[in-house]
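Visitor: Found this in TrEMBL, in case it helps:
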| type | residues | note |
| --- | --- | --- |
| BINDING | Arg99, Arg143, Ile144, Gly145, Thr146 | phosphate binding site |
| BINDING | Gln222, Arg224 | substrate binding site |
| DOMAIN | 58-309 | domain 'Nucleoside phosphorylase' |
Amino acid sequence: MSKYITSSNGQQDETDYFPEGFVQLQNPNIELMDQDILYHLGLGSESHDLIEMFGDVKFVCMGGTPKRVEQFANYIMEEIGHKLPTGTTLQDISRYSYRYSMYKVGPVLSISHGMGIPSVGILLNEVVKLMHHARVQDPIFFRIGTSGGIGVEGGTVILSEEAVNDELEPCYELSVLGKKVRRPAKLDKKLLRELKSLHHKEDPYETVTGKTMCTLDFYEGQGRLDGAFCHFTEAEKMDYLQSLKKEGIVNIEMESLAFAALTHAAGIRSAIVCVSLLDRLKGDQIHTPKEVLDEWQMRPQQLVARYIKRYLQMKGRISFDKTCGAFTCGGLCSNGIESGMCKEICQKAG
Ligand SMILES: O=P(O)(O)O[C@H]1O[C@H](CO)[C@@H](O)[C@H]1O
Ligand SMILES: O=c1cc[nH]c(=O)[nH]1
């Protein structure tokens, strides 16, 4: 029988947020090991000084392809005005793993996760351990992805409220020692609101929120008629997609369940920002020209970059008021900026 993982306080679906904000592992074995080899990242806790290399990380941004995460690394470098040491260029830190690509730009890590739950699941195990070994405090994870919209035009940016499986449950199921273990696939609600508030009226596209369905396949698994295998009719497909729409599903992709569940289980705040590549109620094949798709894929990156920039700007403006003995954010808190963000920075500064 399936069961929910329970946290140490015995609650069914809550994870503990550890006091100092360090990422804790829910695995006592790791501390007993002489070294921890992060095999798929090409890193290790003894072979590399992980605190020195990654201790200042605040944001971990993930996307499916090596190209996208390299592009995001270059883009965020421009946006936050990060300068590389003279004579150096951006390097793929995980290049010798031949699995994933990872770039570091100041407090931002940009990492490719490949396609599907197994690939993102393996990566998350190692990145969560990396955060732990590097003693990173309160990291925020983003998935910057693509998806098929349901009643949502191509080019629309979609913020996931929750990730659901194909039975529409917000639940990631994994077989552990032959038994099904279920973990709640929860995303951070406040982060979602903050991201939503960063959509600009002038943006030439819509930003919508809703449930994201995560599947194990791109073709039959997403009700496509154009795979190598198909034993259902167009009418059956349309009935199915319309039923998803009625349930509040706005897009379909292939990593959100594991991403939401594993970040939540690790006590890490996370959000998923995808662009829709097409409206699945209108077709299956992606006809849009490559240059247009490339521009669309920048849209989730822009939103996440706005969040990161604002966070860093606000952090830079925190000062200590000697008169009242409190940290102030240059008046930002009272100027309509999402107060949660200020509070988090203030608390950390304090
Ligand atoms: O665009 P990314 O982030 O790779 O993700 C989406 O694209 C892939 C399918 O083309 C799946 O992995 C799906 O989740
Ligand atoms: O339809 C789509 C488009 C991108 N990614 C998916 O998983 N499905």
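Positions of Cβ are set from backbone N, Cα and C atoms, glycine also.
Those TrEMBL annotations? Automatic predictions, nothing curated.
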Visitor: Is it possible to get the count of other C-beta atoms within 10 angstroms of the C-beta of Thr146 (phosphate binding site)?
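Guide: The Cβ of Thr146 (phosphate binding site) has 22 Cβ neighbours within 10 Å.
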Visitor: Between Thr146 (phosphate binding site) and Gln222 (substrate binding site), what is the CA-CA distance rounded to a whole number of Å?
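Guide: Cα-Cα, rounded: 14 Å.
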Visitor: Compare all C-alpha positions of Arg99, Arg143, Ile144, Gly145, Thr146, the record's phosphate binders, and send over the largest distance in angstrom.
Guide: 20
Visitor: I want to verify one value. Collapsing DSSP to three states, which class is Ile144 (phosphate binding site)?
Guide: strand
Visitor: In whole Å, how far is Gln222 (substrate binding site) from Arg99 (phosphate binding site) when you measure between their Cα atoms?
Guide: 26
Visitor: Measuring Cα to Cα, how far is Ile144 (phosphate binding site) from Gln222 (substrate binding site) in Å?
Guide: 20
Visitor: The domain 'Nucleoside phosphorylase' (58-309): mean pLDDT?
Guide: 98
Visitor: By Cβ count within 10 Å, point out the most packed of the binding-site residues listed: Arg99, Arg143, Arg224.
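Guide: Sorting the candidates by Cβ neighbours within 10 Å, the top entry is Arg143.
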Visitor: Identify, in sequence order, the residues in the chain of Gln222 (substrate binding site) that are 6 or more apart from it along the sequence and have a CB within less than 8 Å of its CB; answer 'none' if there are none.
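Guide: Listed in sequence order, they are Gly148, Thr215, Ile252, Arg280.
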Visitor: Filter the candidate list Arg99, Arg143, Gly145, Thr146, Arg224 of binding-site residues, keeping only entries whose CB is under 6 Å from an atom of ligand 2.
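Guide: Among the binding-site residues listed, those whose Cβ sits under 6 Å from ligand 2 are Thr146.
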Visitor: State the count of C-beta atoms found within 10 angstroms of the C-beta of Ile144 (phosphate binding site), not counting that atom itself.
Guide: 26
Visitor: Just the binding-site residues from Arg99, Ile144, Gly145, Thr146, Gln222, Arg224 whose C-beta lies under 6 Å from any atom of ligand 1, please, or none if there are none.
Guide: Gly145, Thr146
